[in-house]
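Colleague: Got a structure for you, written out below as structure tokens; questions coming shortly.
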Amino acid sequence: MKRVLSGIQPSGQLTMGNYIGAIQNFVKLQHEHECFFMVVDLHAITVPQDPEALREQTESVAALYIAAGIDPVKAAIFLQSQVPQHAELGWLLTTLTYMGELERMTQFKDKSEGKESVGAGLFVYPSLMAADILLYNADLVPVGDDQKQHLELTRDIANRFNHRFGDYFTVPANYTPEVGARIMSLDDASKKMSKSNPNAGSYIALLDDPAVIRKKISRAKTDSEAVVKYDPANKPEVSNLLSIYSHAAGMSIAEIEAKYEGQMYGPFKKDLAEQVAALIEPLQARYHEVRRTGEHHDALRRGAERACEVAQKTLDEVKRRMGFVLPR
Ligand code: AQP
């Protein structure tokens, strides 16, 4: 049994990108491994936040974890800010991270582009992410394609620590699905689908009304070829819709291509919308039940207790190795 850790930022409404790239894998992995799934609220404040929105989105992500099928008895679900060891190890690892490494992070470049004042937190975000993972000595980190560069840096930081202070950290491996590792925007297939995109038509939110989802999919960009074929280099929009279809319906890309052979995009898009709605409707019903009963609060409390126990052991050992005096 391996140890698995991952998280999602409460920085907006979760999208089908988050579902396919992350949550769907979390649900699978909980049956095979010891899992820790966080809501990374400390990461969400690396860009300016509205306090009320942050609170609501944090609860929403936690409830969606449960609604999507993560069992809080099997996996620890917790809020990053309720496990203070993350911030502390984050600082320690920041001192082991080089400016040049952080400057190379494409997510930092994307999120800071064109902004006048960019917070230092956005810059050092990858050191905190390294702390998130290394606190649990996680073997496997299920993330979408967009997070691979951060994970690579985590590996470098872990190796650097091990080299300077003696072998301690597990160097984590990533776990990314082949198809769907990067779900793209509905309006621009060169950009990933992102919950913080100001254009709501660019993403399918898990809490979107099914009528809205149908509309968004019917308006999704395609091409003029009218052939349902997976070819990301030449048909990025249609390939993206095929990936979403494949995950929503549990069908292979080849099966879907065969189903729509000789047809225009209309029937394909219509069925895709139905598949997504069929996936989302029960999830939404369960979500509203969780929010109504508040069962996620109990799960978060238990999750944080379990996470703190593991995290404190790691933090003590890291501090001892780095030369800090521990309380006696
Ligand atoms: N479009 C995507 N396709 C596949 N996987 C994705 N993920 C995010 N977008 C896609 C995966 O979801 C997990 C959580 O991501 P995050 O919230 O930590 O931050 P992110 O990667 O920056 O996701 P967003 O939705 O784009 O958030 P914002 O807009 O706030 O930056 C990760 O495993 C990620 O790979």
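Glycine is treated like the rest: Cβ placed from N, Cα and C.
Annotations in TrEMBL come from automatic prediction, not curation.
From a predicted model like this one, the values you see are computed outputs, not experimental measurements.
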Colleague: Out of 82-86, 192-196, 212-216, let me know the one TrEMBL marks motif ''KMSKS' region'.
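Modeller: TrEMBL lists motif ''KMSKS' region' for residues 192-196.
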Colleague: Taking Ile133, Ile183 as the options, which does TrEMBL list with Gln9, Pro10, Ser11, Gly17, Asn18, Gly144, Asp145, Asp146, Lys192, Met193, Ser194, Lys195, Ser196 at the ATP site?
Modeller: Ile183
Colleague: Under 6 Å from ligand 1 by Cβ, which binding-site residues from Asp132, Ile183, Met193?
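Modeller: Only Ile183, Met193 meet the Cβ criterion.
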Colleague: When you measure from the Cβ of Lys195 (ATP binding site), how many other Cβ atoms are you left with inside 10 Å?
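Modeller: Other Cβ atoms found within 10 Å: 20.
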Colleague: Looking at Cβ-Cβ distances, which residues of the chain lie under 8 angstroms from Asp145 (ATP binding site) while being 6 or more apart from it?
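Modeller: Non-local contacts for Asp145 (ATP binding site): Gly21, Thr176, Ala181, Arg182, Lys192.
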Colleague: What mean pLDDT does the predicted model reach across the motif ''KMSKS' region' (192-196)?
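Modeller: On average, pLDDT over the motif ''KMSKS' region' (192-196) sits at 92.
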Colleague: Between Ser11 (ATP binding site) and Asp132 (L-tryptophan binding site), what C-alpha distance do you get in Å?
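Modeller: Approximately 17 Å lies between the Cα of Ser11 (ATP binding site) and that of Asp132 (L-tryptophan binding site).
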Colleague: Rounded to a whole angstrom, what is the C-alpha distance between Gln9 (ATP binding site) and Asp132 (L-tryptophan binding site)?
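Modeller: With the alpha carbons as reference points, the distance is 13 Å.
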Colleague: As a quick check of your reading of DSSP, tell me how many residues in the motif ''KMSKS' region' (192-196) are helical, how many are strand and how many are coil.
Modeller: 0 helix, 1 strand, 4 coil
